[in-house]
Amino acid sequence: QVTGYLDDCTCDVETIDAFNNYKLFPRLNELLESDYFRYYKVNLQKPCPFWDDSSHCGMRDCAVQPCPSDEVPDGIRSGSYKYSEEANNLAEECEEAKRLGAVDDSLSTETRQAVLQWTQHDDSSDSFCEADDIHSPDAEYVDLLLNPERYTGYKGPDAWKIWNSIYEENCFKPQNVKRPLASGRGDDGGQMFYKWLKGVCVEKRAFYRLISGLHASINIHLSARYLLQDTWSEKKWGPNVTEFQQRFDEVLTRGEGPRRLKNLYFLYLIELRALSKVLPFFERPDFQLYTGNKSQDAETKHLLLEILHLAKSFPLHFDENSFFAGNKKEAAKLKEEFRLHFKNISKIMDCVGCFKCRLWGKLQTQGLGTALKILFSENLIEKIPESGPSYGFQLTRQEIVALFNAFGRVSTSVKELENFRNILQNMR
């Protein structure tokens, strides 16, 4: 039932379906199976910063199996990412810059310019997300292929509390405007909510739609990889149509399901746009996806560039120039609010009680945060020199792995929708 054009865009659902399912999804999947992209370092032990939470999910499907360190490729584990030695050096230089103080008169003009660039990089390097301290003793490598995102049984008040605090406290929404289908609130079919949403600026509307799209995407993964059979001899995972319908069927959700799915497509367009914009960063000859296996690394980079060129070729990209385009002072203030709200959401992920859900929640918010960082760093990316350091714009390995895996999840959701569509047609 989800067809046609998307709000605030020139693109339609059918164009995305055809492009994703037949061109991009198969290649992206291949990329995410490579050693560089399958290992993600994450700290799942961080305490929840917002409320006391000791209610960890005790079910075995919630557990995450970290990698024994000898299974992680040397190049990734040693931290000697050759491509980002410049990033490592920059971190030291930033410290040095702070120590020197950017206004030290004894510095030459060139040095002062460089100090300024380092500090800018320092400011932008953690733009939209509360990043894990990957040097913490609690941070461990996880093989994402061995810990797939699927239904774990984590639901009820704990899971509801997470999403509720994301929507109620971080989506620019006033308390008196109730979300559609919010339980026990005399729902008006979402009329008041959508009237409010229509009246806010395009940036705040986009923020809500990105979060709703992320929520929809996660719900599709849970419905598509549901525990269908659990006996002592085997576990069987697969699509659960009833679960899918409860979340997205137009009648059962009183019109809300199709809106959620359109927001998923909106999220797809935003992340796809970021991939098309970041091409110059990855195209530089001295950029490597370093794992220590030279021939494999070259193949992975070749596939990565193929995917980015494919992303760039998409005919109906989202035009992000409408964002923050008004009065400069107001735009800067709004952009900062946008950044802080998103940063807060990334912190909420440390309150998720199920470790597997926490892992994928952290990865997908960091990936979306990285996509936003790219879209808001367009001027810096355009100035990247073909060789040598790119002081103005930098991505860490964490951000790169999160960016592509997060987009992989959204791309998978669009593909899974086609599967559910076929199953439902065959049932009629």
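Cβ coordinates are placed from backbone N, Cα and C, and glycine is handled just like the others.
TrEMBL does not curate its annotations; it predicts them automatically.
Keep in mind that what you see is a predicted model, and the values were worked out from it rather than measured.
The cysteine that TrEMBL pairs with CYS354 in a disulfide, picked from CYS201, CYS357, is CYS357. Taking CA atoms as the reference points, CYS357 (active site) and CYS62 (disulfide bond) are 7 Å apart.
If you take the Cα of HIS215 (FAD binding site) and the Cα of CYS354 (active site, nucleophile), they are about 16 angstrom apart, rounded to a whole number.
The full span of the recorded FAD binding residues, ARG150, THR152, TRP163, SER212, HIS215, ARG247, taken as their largest Cα to Cα distance, is 21 Å. Its Cβ placed at the centre, HIS215 (FAD binding site) has 18 other Cβ atoms within 10 Å. Other Cβ atoms within 10 Å of the Cβ of ARG150 (FAD binding site), summed over all protein chains shown, number 17. Here ARG150 (FAD binding site) is positioned 12 angstrom away from CYS354 (active site, nucleophile), judged by their C-alpha atoms.
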